[in-house]
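The next block holds one structure in the form of C-alpha cells; read it before the comments.
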There are 2 protein chains.
Amino acid sequence: MNSRPRALSGFPEFLPVGRIVEQRVLDLLRHEFELHGFASLETRSVEPLSVLAGKGEIDKEVYAVRRLHADEATADELGLRYDNTVPFARYVTEFSGKLNFPFRRYQIQKVWRGERPQQGRYREFTQADIDIVGAGSLATHHDLEIPLVMLGAFARMSDELGLPPVTMHVSNRKLAEGYYRGLGITETGAVLQRIDKLDKIGPEKVAALLTDELGLAAEVADKCLALAEIRSGGVELADRVRALGVEHELLDVGLAELTEVVQTAQTYRPGRLVADLRIARGLDYYTGTVYETVLEGHPELGSICSGGRYDSLADDGKQTYPGVGISVGVSRLLGPLVADGTASASRSVPSVVLVAVTDEEQRGEALAVAAALRANDIATEVAPRADRFGKQIRYAERRGIPFVWFGTDQVKDIRSGEQVQADPTRWEPPAADRTATVKLG
Amino acid sequence: MNSRPRALSGFPEFLPVGRIVEQRVLDLLRHEFELHGFASLETRSVEPLSVLAGKGEIDKEVYAVRRLHADEATADELGLRYDNTVPFARYVTEFSGKLNFPFRRYQIQKVWRGERPQQGRYREFTQADIDIVGAGSLATHHDLEIPLVMLGAFARMSDELGLPPVTMHVSNRKLAEGYYRGLGITETGAVLQRIDKLDKIGPEKVAALLTDELGLAAEVADKCLALAEIRSGGVELADRVRALGVEHELLDVGLAELTEVVQTAQTYRPGRLVADLRIARGLDYYTGTVYETVLEGHPELGSICSGGRYDSLADDGKQTYPGVGISVGVSRLLGPLVADGTASASRSVPSVVLVAVTDEEQRGEALAVAAALRANDIATEVAPRADRFGKQIRYAERRGIPFVWFGTDQVKDIRSGEQVQADPTRWEPPAADRTATVKLG
C-alpha cells in the first residue's frame, strides 16, 4: 500500500470511537441474550449455493466465493451467508443428534448482500439474532418470548444508553394467507409480496399491482388493502378483522396466535408491541408470526429488528425443526447514528490511565506503575516517548484518557486538572471512568 | 434443507460447549488487550485483490468474492482477507488523518485461506491480533511490549483455565539478512525461505536446497545453518553469533535489537521467551523482530501465536507507518483441544437456573420468578413444557444447568439433590456457578 486507498462502497468500517459504541451495544445484547439462556453460536461464513438459493427475494444478492486459483469447474459452489437464519437451520439439521431441543441460540455475525449500496443499505453488516427451534414441534408461547427478550434488550439500550424507544409491529402469515384464501385467492404469496410494498409505493399503486399483475377484481384488491390497514395494540384486533367479513380456518388460527402475542405482550411491555397487518417480510421462509421494529423518531432507518416463525425451514429428512427468531440489524441501527454523531463514546481507547515517562532510562519504573494498576483491572498504557509532560498530557487528551500518572505516586485528572498523591497498588478511578461513556441518543 | 447436510472440509463449527470454550478465551484475550490500552477494531472482510496480492507465500490461497449475478467483467476484484495485518495496514493508510499515532489496536476476526485442509489447517479460522503502528517512526521498545502483552495473556490462560505454558521463539530478520550479506549472499530472502523449512525437512535437505537451488558453496550453506541452530535465552546470544565470525552493519543492528528483547523479557517473564534464529516466518512483510510460539506438550499444533515487525507495509505516499504485532491462532489452538476433549466447559448454555412449569396455566408465575432472578443478573430460562418434574430436571441435566426452581420459592441444586426454600428476588447462586467452568488442559 503506497498510496491512500479508497473506501469500498457498502463495506463500512468504524473509527475506534464508533467501534466502542458498537462493542457496548453488542455486549449489552449478548448479556441480555445470555440472561435468557440463549447459547452463543457462530456458523461458518460460507454455505453451498444450493443452501442459500431459493429462500426469498435475495437470491440474486448472494456473493459467490471461490479460490482465486481454483479450476473453473470447481468454481461458484460456495456463497457468503446473507442472514443468520438459513445457516442456523442448516447447522441444526447437520448437528441435530448432538443438540438438545428446544435449542435456544444467539448469533452475532456479519452477513453479506450484494445490494446496490444506498442510504442505510450495506453489503457487509452485522446482525444479532436469537432463535428457538424445536424438534418436530415448538410451542407457540415462544412466539411471544422472542419479542419480549428483544424488547427487554431495547429497553436496556434506552435506559442505559439513551436510545429512543422502539415499537414492534407484529403480524401473522397464517392470518393473511387464510384471509386471502377466504377471498378465493390462490396466489397468496404473490399478494403478500405486493402488500409488502405498501410503505414504499402507497395503497393506490399496490391496488393497481393487485388488479393488473395478479388479475384480482377491484373489490377483492380493496379487501386485501383493508386488512393491511389494521393496526391494533389490544382487544379490538379480532373484532376489526372479523368486521371485514372474510372467513377461513387458517385465518382463525393466525388470528388466535396474533391476538395471544399482542395481548400478553401488553402485560410485560405495555405499548411497545402492536399488531400491524401490513407487515409481510420479504423472506419466503416465514410461516406464522412476523416481526418488524421501528425506532421512534427514525423512520428513515426502516425496520431495525425483524424476524418471525418458520415451521419448515429446517428438515433433515426424518423430521422438521420449526423455529422462531428475530434479528437486530446492528449496522443498520448504529451506522447512521454514529455517522451523524448521535451515537458517540467519551474516548477512543479503553485506557483509563496514561503513565508518563520521565526519560527513557525510567521506562522500567513506568512499566511497574502500569503493572500495579492493571493488577486492579485498570486499563493502562505507558507513554510511547519520554516527551515533555505537556506533550504526554496531550497524548492522553486526544484519546480521551482521563488520568495521567507521573513518577510513582502522582495522578492527575486531566479534565479537572486536579493532581493527587496515590499508591498505584491501591488507587481506584471513579467507577464511571472505568470504561468509556457511550450514548446512543 | 430436507436432507442432512455434510460438513465443509476446512470450515469447522463448534457445538455449543466448544463455543463457550472459545468465548471464554476470546473474552480473556479482549480483557488483557484492553487492560493494555489496545482499542478494538474490525475491518471489512474483503479487500481489493491488489491489496491482498504479493504479500507472501499465500497469494494463491486467496478466496475471490463476486456477486453471483455480476458481469464477468466486474468479477474477481475483491478477495477475503487472509490475515488481520494486511487489512489493518490498509485501514491505517486510509484513515491516517483520523487516527492518533502510535495507534494501538486489537482485532479478533475470521480470516480465510484456500489451503488444502489438513490436520490443524483450516480454510476459515479466527485470529486475535494486537499491533502498534507509528506515523513515520515507531520506537523499538514496542518490539518487547508486544510479546510481553501476549505472554501475559497466555499466563492468564494457564492460571485461570489450565492451559499448558508457552514458549515464545524470537528472531530478527535484520540479523539474518545482515549475516547472509556478510557471507556475500545477495538473495537473502530466498535463503530465509529455505531456512524456514528446517523444522519440516531437516538440516541436510535445507543444505541441499541452499547449494543446489541457490548455488551457495557448501561452507556458506553450513554457515547459514549454523546461525539457524542458535537458540538462547540470555546473555550468551551475542557471543554465539559473533563466534561464527561473520560481520555486517545490519547484523549488528538486528543483534542489538534481538538481545534487548530477549534480555529484558527475562525480567518480566523469566524463561518464556528465547532467541531462536531458525524462526523466519513465511510472510514477506516482516522487516525486523519476528515471533513464533509453541504450546508445551503440543508440538503438533505448530506456532499458535506469531508476528513481527513490519516497517514498510503501510505507506500512504506521504509517509510510512511502521508497525509491530502478533496474532494468536485461536482456531488453530482451540480446534484440536476441543475436538479431543482436552478443552471443555461444564455446560452448553449460559443458564444458571431452569424455572420449572407446573402447568401451562402457571407459566406466568414461572416467568415472574425468572424475571426476578434475571434482575439479579442470574441467567435463567423457563421450561418449554409443563412436563412432569423428572423430565424438566432432565432438561436441565442434559444442558448442565445446575439449579431448577419449583413454584415460587423452592430451588434445587440438581447435582447434590439439595433443595432449599428461597426468595427469587434475593437468592444468589455460588459465584463459581454464575458462568460455565471452562478448562483448556
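Including glycine, each Cβ sits where the backbone N, Cα and C put it.
What you see is a predicted model, and the numbers here were worked out from it, not measured in a lab.
Sequence annotations record features per position, and here TrEMBL assigns domain 'Aminoacyl-transfer RNA synthetases class-II family profile' to A:21-350.
TrEMBL lists A:D83, A:N84, A:T85, A:R113, A:Q127, A:D131, A:R281, A:Y285, A:Y286 with the feature L-histidine binding site. Following the DSSP three-state reduction, the secondary structure of A:R281 (L-histidine binding site) is coil. The local packing around A:R281 (L-histidine binding site), expressed as other Cβ atoms within 10 Å of its Cβ over all shown chains, amounts to 20.
The region 'Disordered' annotation in TrEMBL covers A:417-441. Tertiary proximity for the region 'Disordered' (A:417-441) is limited to same-chain residues at least six positions away from its ends with a CB under 8 Å from its CB atoms, namely 20-21, 24-25, 157, 161-164, 334, 337, 342-347, 350, 352-353, 369, 372-373, 375-379, 400, 402-403, 405-406, 408-411.
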Residue, out of the binding-site residues A:T85, A:Q127, whose Cβ gathers the largest set of other Cβ atoms within 10 Å:
A:T85
As a test of reading the model: what is the averaged pLDDT for the domain 'Aminoacyl-transfer RNA synthetases class-II family profile' (A:21-350)?
93
Per DSSP, three-state class assigned to A:T85 (L-histidine binding site):
helix
Where the record names A:D83, A:N84, A:T85, A:R113, A:Q127, A:D131, A:R281, A:Y285, A:Y286 as binding L-histidine, the maximum Cα to Cα distance in Å:
21
DSSP-assigned states of the region 'Disordered' (A:417-441) in counts, ordered helix, strand, coil:
3 helix, 5 strand, 17 coil
Would you count the other C-beta atoms found within 10 angstroms of the C-beta of A:D83 (L-histidine binding site) for me?
22
Including all protein chains shown, what's the count of other C-beta atoms within 10 A of the C-beta of A:Y286 (L-histidine binding site)?
25
